[in-house]
Amino acid sequence: MGGCCSCFRDSSDDVSVLPITDNEREAVTLLLGYLEDKDRLDFYSGGPLKALTTLVYSDNLNLQRSAALAFAEVTEKYVRQVSRDVLEPILILLQSQDPQIQVAACAALGNLAVNNENKLLIVDMGGLEPLINQMMGTNVEVQCNAVGCITNLATRDDNKHKIATSGALVPLTKLAKSKHIRVQRNATGALLNMTHSEENRRELVNAGAVPVLVSLLSSNDPDVQYYCTTALSNIAVDEANRKKLAQTEPRLVSKLVSLMDSPSSRVKCQATLALRNLASDTSYQLEIVRAGGLPHLVNLIQSESVPLILASVACIRNISIHPLNEGLIVDAGFLPPLVKLLDYRDSEEIQCHAVSTLRNLAASSEKNRKEFFESGAVKKCKELALDSPVSVQSEISACFAILALADVSKQDLLDADILQALIPMTFSTNQEVSGNAAAALANLCSRIDNYSKIISSWDQPKEGIRGFLKRFLQSNYATFEHIALWAILQLSESHNDKVIYLIKNDKEIINSVRKMADVTYDRLQKSGVDVNKNGNSEERGDNEDHQSNNDRNLANSTSSDQYEDASMELYNITQQILQFLD
């Protein structure tokens, strides 16, 4: 505390020049004693606080400086929740025009702003306005400490909107371009803290922060790079911001792609996350690939860092949504590492993104389909199908449903014994899992050359295909009923004597179909629909793959007209089946 003591002693030489009142002289004497024993005393109450406060309100500049220095040193060592009585004199000092006092007062306030309760009280007491004024000054040390204090204040959610609307964002943005690295770090850190809500992000964009953040991606300082990449990643969460970025920041993607090769792991991770968020939009999905993002991503998903793996697999998942990227992703060598990530049982999220990416790649070209099967993806998904979290099962079942849509894939799936996984998955209590598995199963019953796998799985595992058909027919859920009826219709039209025999001689299935016909007929009659007029099933596209029907039914649950259409479709299929059986 030598600085403060020295200041007190210097001031005593100027007594004749600088007036000191008796109570100020007493406060100086007491404070010098307190400072000698500072480790055992509480400077936030009682005598020490009273002595400091007396000096703050003095007209003597040296005494004010001494008080500011004392507050700075004490708060650096002892940080805890304090009262208004402590903050008030510091806020008074903050309004001083003296640079020494400004530096120390900002430092003291920033130290106390580490405490969560103090953060709220400082803002409530009007601390933002003097801090903003100090940021707009010319003294680098003052700027640095003022910005640092606002950075701390902005970590409390209650303060974020108040800061965003206080006028602080424009000077913070300006200071982010400072030539002084400490000021730049604090300013970009403060801007980052303002990106955690949509409203504040909008204020930040309107304050002109985005071009500054993008320009600072080229900074040589890893902390500044980290703050800027993270801030931009958060800003890119909002669709409106992504559109604005696409219009105004043509170099953003190339800069972020370059940062995926940063020596700093956290910069690398945040750059990848920023690209993932941007890749929510179609245009960015293409641009990231054009900018050379794939080689970086294929390396990152094979790294040893879980955050890097998660960020990169989430990014490639979004990029793989665009059909034009599918072949390029396969050619870049993503299939083997993606299949390997399916074993990443410590991270459900990584598994989900990996399966989702594989699903997007599965239904592209014949070349990609062939490589997909050769990669072992189907085998691995089958292994995980019954032994993974529901979220992963949902992605796997969706992948199977997509694969089963393509006629060229059906026999390969059957040969891979996919029915051993699909049939048990139809028992899932999760409708996405059971519905996707059932849709895949139904599609595998349609337009195939070899029905041996269907026949051998008729009553096993877990009651087999027969059990699935019965359960779904009796589910009282229109989408599931439709899947079962559609599967029965496909089997009835298989031209396979054994399959047809199994259908025709299963009284439970036939009775369920007849019951469904009666139920749907009654529904239509009650709705006033003329079944004979509208029920020309010969003209309907009932032989299309089942996913389109399934999706349509899922979407048509609110409108009475759509409900009637769904009932009519179910009725038509029952009539086709019964016509065949008769």
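The backbone N, Cα and C atoms fix where each Cβ goes, glycine too.
As written in Swiss-Prot, here are the features:
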- 536-549: compositional bias 'Basic and acidic residues' (COMPBIAS)
- 550-561: compositional bias 'Polar residues' (COMPBIAS)
- Gly2: N-myristoyl glycine (LIPID)
- Cys4: S-palmitoyl cysteine (LIPID)
- Cys5: S-palmitoyl cysteine (LIPID)
- Cys7: S-palmitoyl cysteine (LIPID)
- 528-561: region 'Disordered' (REGION)
- 37-74: repeat 'ARM 1' (REPEAT)
- 75-114: repeat 'ARM 2' (REPEAT)
- 116-155: repeat 'ARM 3' (REPEAT)
- 157-196: repeat 'ARM 4' (REPEAT)
- 198-237: repeat 'ARM 5' (REPEAT)
- 239-280: repeat 'ARM 6' (REPEAT)
- 282-321: repeat 'ARM 7' (REPEAT)
- 323-363: repeat 'ARM 8' (REPEAT)
- 407-446: repeat 'ARM 9' (REPEAT)
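Sequence-distant contacts of the repeat 'ARM 5' (198-237), counting only residues of its own chain at least 6 positions beyond either end whose CB sits under 8 Å from a CB of the stretch, comprise 160-161, 164-165, 169-170, 172-173, 176-177, 181, 184-185, 188-189, 191-192, 244-245, 248-249, 251-252, 255-256, 259, 262-264, 266-267, 270-271, 273-274, 276-278, 280. The DSSP breakdown of the repeat 'ARM 6' (239-280) into helical (H, G, I), extended (E, B) and coil residues amounts to 32 helix, 0 strand, 10 coil. As a whole-number mean, the pLDDT of the repeat 'ARM 7' (282-321) in this prediction is 97. Within the chain, the repeat 'ARM 2' (75-114) has long-range Cβ neighbours (under 8 A, six or more residues past its boundaries) at 43-45, 49, 52-53, 56-57, 61, 64-65, 67-69, 121-122, 125-127, 130-131, 133-134, 137, 139, 141-142, 145-146, 148-149, 152-153.
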